[in-house]
Amino acid sequence: MTQTKLIKKTTLVSAAATRLPVHTLTFAIPRFDPSVHRGKSHSEVAIDKGDVVKMVIPGYKPKSYSMSALREQEFDVTFKVYPNGRASGFLDSMKVGDELESFGKSSGRHHNPGSFVGIVSYGVGITEGLPVTKAELEKGDAEKVVLLWASRTMGDTFWHEEIKALQNEYPGRFEMVHILSREEHQGCFHGHITPKLLDQAFQPADRGQARFLSVGTKDMMRITNRMLEEIGYPMPEHALLPKSRSSHHQRHGKHHSRTSCKDRKHHKGRECDKKHRR
Ligand SMILES: Cc1cc2nc3c(=O)[nH]c(=O)nc-3n(C[C@H](O)[C@H](O)[C@H](O)COP(=O)(O)OP(=O)(O)OC[C@H]3O[C@@H](n4cnc5c(N)ncnc54)[C@H](O)[C@@H]3O)c2cc1C
């Protein structure tokens, strides 16, 4: 068991009648022994490739969370507390000094560089969106990185200082765009994300070089990909972090034939690539 100790809790958004609270939990990185522990070491979680940390909720199951920051000895998980949420409720109930099991997990995605990066974060999806934005700016492949954050109100947003710091560090290269569904606010779009809005927010100099990432529920990400396709960016060609071809096989642990594979979308009616056979 990789017991992970909570060392700090920070509230980013306080609970109010109209909004759900958001907290950051800071955990000490536990010792990792690959012969005993499952998953990957916390220190090897690649935030820039969308790797996650699995928090093993007692009496429930391992739940995915983006690592919002990784330092030498500790890591952060930033989460929204949902009403009656089993996992988020448990994390919220933890006190400094409490422990739970956790392990790192690879996203099975790879980096597809381009000179323009557009990232769409829905609500608490910013926990992956902002760290990936920061990593893209640090990598330097992208001449321009635009982060579009869809929230209900400005009061639901957080990490204002971190965003300001990136704007100061990368003037002209980094652009932050807010869209609010329940509030009109100066300098922000109002309403919901549409293909037209995406076209307005993302204006690459070279459309062929545009790469996109959306972070939200599966439905939101599927719909966003469809909207991007509608405005001329076919996926996964234009995905910033497309699924690696072999990740499906890695998940299953061994090769299987097309007839035994339940993931018909993966095989698309084709036999598996021979190089994945074991
Ligand atoms: C790859 C990945 C990364 C993730 N990273 C993060 C992260 O960094 N931070 C974070 O807070 N969450 C993250 N999540 C979501 C997280 O895993 C849980 O699903 C979330 O905490 C809710 O779980 P729960 O058990 O508390 O709620 P549940 O018990 O599953 O649901 C409780 C109630 O909340 C509602 N609810 C649950 N999830 C959502 C949602 N996303 N939007 C609106 N209503 C919802 C449900 O409909 C239900 O009414 C991530 C998920 C994935 C797949």
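Placed from the backbone N, Cα and C atoms, the Cβ positions cover glycine too.
Annotation source TrEMBL lists FAD binding site at TYR60, LYS80, SER88, THR127. In the three-state DSSP scheme, SER88 (FAD binding site) falls into the helix class. Taking the Cβ of SER88 (FAD binding site) as reference, residues of its chain lying under 8 Å away and at least six apart in sequence are, in sequence order, PHE79, LYS80, VAL81, TYR82.
Under the heading compositional bias 'Basic residues', TrEMBL lists 245-269.
Residues or ranges marked as domain 'FAD-binding FR-type' by TrEMBL: 1-113.
Annotation comment: TrEMBL describes 239-278 as region 'Disordered'.
Among the binding-site residues listed (TYR60, LYS80, SER88, THR127), LYS80, SER88, THR127 have a CB atom closer than 6 Å to some atom of ligand 1, in sequence order. TYR60 (FAD binding site) carries neither a helix nor a strand DSSP state and counts as coil. In the three-state DSSP scheme, THR127 (FAD binding site) is classed as helix.
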